[in-house]
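Peer 1: Checked TrEMBL, it gives:
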DOMAIN    31-349  domain 'GH18'
DOMAIN    345-406  domain 'SLH'
DOMAIN    408-471  domain 'SLH'
DOMAIN    505-568  domain 'SLH'
Amino acid sequence: MLSRKLISMLLVLTFITSIPVTVFGNEQKLNMSYVYFGDTNSFIQQVNNTNGALQTVSPSYFDLKSDGSLHLKVDARFVQEMHKQNIKVVPFLSNHWDRELGRKALLNREKLAKQIADAIKTYNLDGVNVDIENVTRVDRDNYTDLVRQLRQLLPDKEVSVAVAANPNAWIEGWHGSYNYTELAKYSDYLMIMAYDESYYGSKPGPVASSSFVERSIQYALKQTTGDKIVLGIPFYGRYWRHESDKGGHGISANTVDVLIERYNGKVFFDEKSKSPYTTFTIHSWQPVTKLSNRTLEPGTYTVWYEDFRSIQHKVELVHKYNLKGTGSWSLNQAPKGIWDQYVTWLNGTYYDIRNHWANHDMKSMIDKGWMVGNQHTQFLPENKLTRAEAIAVLVRALGLKDKHLELYEHSKFADISNHWAKEEIELAFRFGLVEGIDDYTFAPKDLLTREQMATLLARVFDLENSQSGSNSLIEGVSNESIAISDAESTASTTNKTNVEVSQITQTLFPDLIFGHWSYSSVTAMAHKQIIQGYDDGFFHPKRNVTRAQFAAVMNRIAKDDATNKILVLK
C-alpha cells in the first residue's frame, strides 16, 4: 500500500495534469423538425407530443409558383400556437425536387427574397429555411446569392439552408449546387439532410448508415465549423418487396412496429451500419395494409428503418463533433415514445431529475462527468448508492489515471473481475484510497451508509482530523473498526479544517455521540456545511445514501475552499 504522503503527491500531480471528462455541455443543442404531413390541428398535436423537445418547427408554407415567385400557404393559428409555446416557426422554401422550377426561383431571386422577407414580417414568422433541391453546379452561385440576399433583408431572423449530405465529396449533380462555405457565411446553419443513402430504385439498405452520416459530417466540417451544422435525422425508412423488380418506397418509422406486430416480423440490428431492419411475409389471407395509398401486396418484405438505438447513435455524433444540434424529417413520422428520451440524448437531461430537490447538484455532476445515469434516460436519484458507485465517482472526480501506476500490484478482489467498475476500484486500491472487507472481497454491491460516506469523503479530501490514527483513507468504510484519534479528546488540538476540537465535541446530532467511530468525520464535514442532517435534527448515520444525496455532497465539496485546492474544476 502506498504511503499517505506519496498518495497526496500523486494526487496533486494527477489533478494538475488531468482534465475532467465532459459528458454534456451546459449549452442547449438546437432541435428542429419539419412538419409536412397533416393539417394544422395535426401539426399542433405532433408538436405537443414532443413534450417541449423542440425549439423550431419548419412547416411547408413557402412554395413556388410556375414563374418562380412565392406561393404562400401560411396558417396564422399555427404560428400563434407555436409562439405561445416559445417555439419558432421557420417555414421551408421548397421546389419539391422540380429542377426547372428551382432554377426559375434562383433566377428570380431578388424578387423572391423580397417576397419572403415581406411574408415573414406580415405573418410574424421567425425566418426561412431554404430547401431548393435537385438543381446543379451551374446554379451554385445563384443559390448562394439568394441566401445572401435573404440575410441582408432578414438580419434579425433565422436564415438556414437544407443541404444535401455529401459523404463522397461530389462536386457534380445536385450536390454541386451547394457551396457549404459560402452558404454557411450567410446563414445561421446548414441542415445536412443525412438520409436517403438508400432510395426508391436502389437495392435494399439503410436510409442513413453510421458511415454515411459520419462521413457527411466530416465533409461539412472541412467547409465550415460545427456551430454552423445541424444534423438531419430521418424519422422514416424504406421497404422492398422481394418479388418486385423495384422497391424502396418510404415508410414512417412509427408504422414499422405496426407491421412487425401485424405480420409477425423478425427484427435485426446491423452493427456495421447501426441500423435496424425487419423482414416479414404477407399472405393473401392476412389483413390488407395501405401505405400512402399504396397497398402492400402479398409477398416477403425487407424494411430498413430508424429506431431508438439508431437515432441515439446519430445524436451521439452531434456531441462527438460538437455540432449545433439536430433536425428531423419529418415530425409525424417519429418513432412512438422517442421524445421521452430524445432530450436526454441531445442535452443530457435525465427526465427523473427535472423537478428533484437535488436537480442542480445532479446536473453539475453530469456536466463534470463524475456521475452518469444507470440508464439512457434515468439518473435514478433515489436509488441507494453502492460502494462501487461511490468509488467510481471519486476516481472520476480526482482524475486518477492508470498511467501513473504501472509498477503497482493489483488487488486480489475476486468479486470485481467482471464488474463494470473494476478499473475504478483497482485504481482506488492502487492509490491507497480503498480496502476491501477482506483481502479477497471488495463487496462492490454493498450499499453505503451516511456515516461511511462521511468518513470516506473526509479522509479522501483531507477534511479528517490531522492526527487520525488510521493510515488508510477508506479503512472502516465497510465495517466500524476505524480507531478514534487521540486528538478528539485534546481540546487544544485544531484539525485541518480549522475547527477546534472543543467545538467538534459539541454534539450536532443527537444520534451521533462523541467517541463514535465516525463522529470526527461527520462533525468536521457538518461544520463545513458539506453534510447536513434531516429535518428532524438527526443525522441517521445508518441510513443508506441515495445517488441524489451523494451528488449534493460531492457538489458541495467541489465548491468548498479547502477541497478546491485539490480538485481542478472546469
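Cβ atoms here come from the backbone N, Cα and C positions, even for glycine.
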Peer 1: If I take every residue in the domain 'SLH' (345-406) and average their pLDDT values, what number comes out?
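Peer 2: Summarising the domain 'SLH' (345-406) by its mean pLDDT gives 83.
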Peer 1: How many helix, strand and coil residues does the domain 'SLH' (408-471) contain under DSSP?
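Peer 2: Breakdown, helix to coil: 23 helix, 4 strand, 37 coil.
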Peer 1: Just give the helix, strand and coil counts over the domain 'SLH' (345-406), going by DSSP.
Peer 2: 32 helix, 2 strand, 28 coil
Peer 1: Using DSSP, how many residues of the domain 'SLH' (505-568) fall into helix, strand and coil, respectively?
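Peer 2: Grouping H, G, I as helix and E, B as strand yields 25 helix, 2 strand, 37 coil.
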